[in-house]
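Student: Mind having a look at this structure? Questions to follow.
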Amino acid sequence: MNATKAATPRRRMAAPQAIFSTVFKARESGIVLALILLIAFTATRNSRFLSAQSIRDILLGTAILAVLAVGQAIVMITRNIDLSVGSVLGLSAFAVGSLLRDNQGVPVIVALLAGLVLGGACGVLNGVLVRFGQVPALGTLYALRGVNYLWAGGQQINADRLPESFLDFGNQAILGVPWLVLIGLVVLAVATIVLRGYRAGRELYAMGSSPQAAELAGIKVSRNTIAAFLVSGALAGLAGVLFAARFGTIDAAAGTGYELNVVAAAVVGGVAVFGGSGTVWGASLGALLLTVIGSCLAVLDINQFWQQAIVGALILLAIGADRLVASRVARALRKRDSHV
Amino acid sequence: MSEAALSEPALTRGRAPWVQRLASWDTAVIVLAVLALLIASGAVHNFGTSRNFTFLLLDLLPVALVALPMTFVIVTGEIDLSVASTLGLTSAVMGLLWDSGLSIETIMPLCVVLGAVLGALNGFFVTVLKLPSLAVTIGTMALYRGLALVVLGDQAVAGFPRSYTSWVTGTVGGGVVPNLLIPLVVLALAFGLVLHATPVGRKVYAVGSSEQAARFAGIRVRQLKFWLYVVSGAVAGLAGVLWTLRYSSARADNGFGIELAVVAAVLLGGVSIFGGKGTLPGVLAGAVLLATVQNALRLQDVSSEALNIVTGALLIISVLLPNIVNSARAALRRRRAVIQEGKG
């Protein structure tokens, strides 16, 4: 069964590939269908939902969540999970926020790089810990959050203390595309290309399908695991900068609970919890779906508290559905093999 | 408190050389917990007062209580991250039911049953759908906390009967020991007996050591795991009831994040995250050690959020250290083997 999972991404073993591509097409078209229904329903109830402002809000929110979801997808493809992303986002947002507050002249690009580097360092720490134990994801979630509280204390960084250029970056557009969305698209494109066409990307899928086989095939599993966490951490750091730029107000609790949304976006987008399959494109669609749901709740005047329950239910639904589909596919494959 | 139970596992290793006994993790944690208590009493102002001791025990309670079934779950190689949210949801539902006018005597068992049902849902996903427990319980962690918010929003329900709340916050005969320690000790003894002296306990270890071997030996692995999740949920539900009574306030965010302390206490107590290893006395000592360190730091004005650094770091260390020791031992053994081969 694992071998068939490895074949998911195109080429090799034509027969299972056909089945899998239908499954994943079904997944992605399912999300698109859900999105269309949701948007149509909400728009008929309240026309405000399709106003330029509301669409822009959804796109900006999606951009931040999608950047995180791309990183999470990369980690989950290797059959791991990164629970620290919310804390890294918070830490990076606060760090970059205080950097800019104290040095008004710092250009935006330096802020972005600082977030990437800080997040990347946290990611390496995670990756190294994961090679030794299994739950450190949980440990670093709270430990990093604790660092943030210790550092931030009760203080809050307000928008009026941040440089104008930075806040413009968070809310303005270039050629009609908001900067945040542009960055999200670039991250998505680069990750897609690397995961599809480059050796490093293929190795991650192989590791997730069967860590043992990957090791035997000469893949440097340790190095790649740490690299996957590095990327996820760096992207969470980047998302922290985007968060700071968009909201302008940052305290120690920034990004609390984001990890749940990110995991939900990835699994809803078809990234398997068992590793070895899924795309960053799917994860980003998942991020879009989650953001739209949140926005619909607000527009339809439904109790905002449903949001988190929906996130949890979506995680369970997605992984449950994946499981049922996978076992059905496995059975179908077995049957065919026995006939041949 | 459970002195006899504490010394037992140490004694069974009596034949081992003293180095090995020192290296035995749960013995070390028990010693560390006692040391931490002594050092804190001496060095931290106000730590040794009887009032603070009562608070220390009261804070320790929910974590130690939930850690009992969590030990079973982790020994089988699984995990349950949803316990804190189960606690929150039962607390919220308790508030809702109390508001609707039900009697507290009806509500409390209902809440424990609710916890068991929530645990059963975890068990269903893990054992019937055969999904990884980490992913499942992350999902239910979000779902249960979300439902708690849906039930109660950001409201708080107070006004629980005085007779119950004062018993929960009271002490035995007005002394130092909180009344709540009684149910904890009873449950700890029960869980300890089941884990260390019954076939069920041996099955739990067998499943954790090698699930396949356990299945071939005729153990119903999935059934066992399912019921462990049910028990874990029920105990979390009970903890929710006690939490609500202790603070006399039912809130959706009650117990937020205590899964970290629970998992940290269990791993600190010498339970292997890979399953198959660990003892309940070790876990209780881990919970005491954790509570002592946190209490002492809190007396030094460290905020409870910042304390997560300590808890998180202890968790990471307790996963890392055994792994490092094991790989060092393995490396040593390999080297010895090579040397002997060379001689031969």
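For all residues, glycine too, the Cβ spot is worked out from N, Cα and C.
No curator has checked TrEMBL annotations; they are predicted automatically.
From TrEMBL, for reference:
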TRANSMEM  A:29-46  transmembrane segment
TRANSMEM  A:58-77  transmembrane segment
TRANSMEM  A:108-129  transmembrane segment
TRANSMEM  A:173-195  transmembrane segment
TRANSMEM  A:226-245  transmembrane segment
TRANSMEM  A:257-274  transmembrane segment
TRANSMEM  A:281-300  transmembrane segment
TRANSMEM  A:306-326  transmembrane segment
Student: Please tell me whether the transmembrane segment (A:29-46) and the transmembrane segment (A:108-129) touch - that is, whether there are at least 3 C-beta pairs under 8 Å between them, with each pair 6 or more apart in sequence.
Tutor: no
Student: Is it the case that the transmembrane segment (A:226-245) and the transmembrane segment (A:173-195) touch, counting contact as three or more CB pairs under 8 Å in which the residues of each pair are 6 or more positions apart?
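Tutor: Counting Cβ pairs under 8 Å (6 or more apart in sequence), the transmembrane segment (A:226-245) reaches the transmembrane segment (A:173-195), since there are 3 or more.
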Student: Before we move on, state whether the transmembrane segment (A:257-274) and the transmembrane segment (A:281-300) share at least 3 Cβ pairs under 8 Å, counting only pairs 6 or more apart in sequence.
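Tutor: They are in contact.
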Student: Using a Cβ cut-off under 8 Å, which residues of the same chain at least 6 positions beyond either end of the transmembrane segment (A:173-195) come close to it?
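Tutor: Tertiary neighbours of the transmembrane segment (A:173-195) are 56, 59-60, 62-64, 66-67, 70, 73-74, 77, 201, 204-205, 235, 238, 242, 245-246, 279-281, 284.
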Student: What same-chain residues lie close to the transmembrane segment (A:58-77): Cβ under 8 Å, and 6 or more beyond its ends?
Tutor: 85, 89, 171, 178, 180-181, 183-184, 187-188, 191, 195, 204-205, 208, 228-229, 231-236, 238-239, 242-243, 246, 258, 261-263, 265-267, 269, 271-273, 275-280, 282-284, 286-288, 290-292, 294-295
Student: Are there residues at least six beyond either end of the transmembrane segment (A:306-326) with Cβ under 8 Å to its Cβ atoms? List them, or say none.
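Tutor: Cβ under 8 Å, 6 or more out: 1, 5, 23, 257, 260-261, 263-264, 267-268, 270, 272-274, 290, 293-294, 297.
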Student: Other than its close neighbours in sequence, what residues sit by the transmembrane segment (A:281-300), given a CB gap under 8 Å and a spacing of at least six beyond its ends?
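Tutor: Those are 24, 27-28, 31-32, 34-35, 38-39, 42, 45-46, 48-49, 54, 57-58, 61-62, 65-66, 68-70, 72-73, 184, 188, 192, 261-262, 264-271, 306-307, 310-311, 314, in sequence order.
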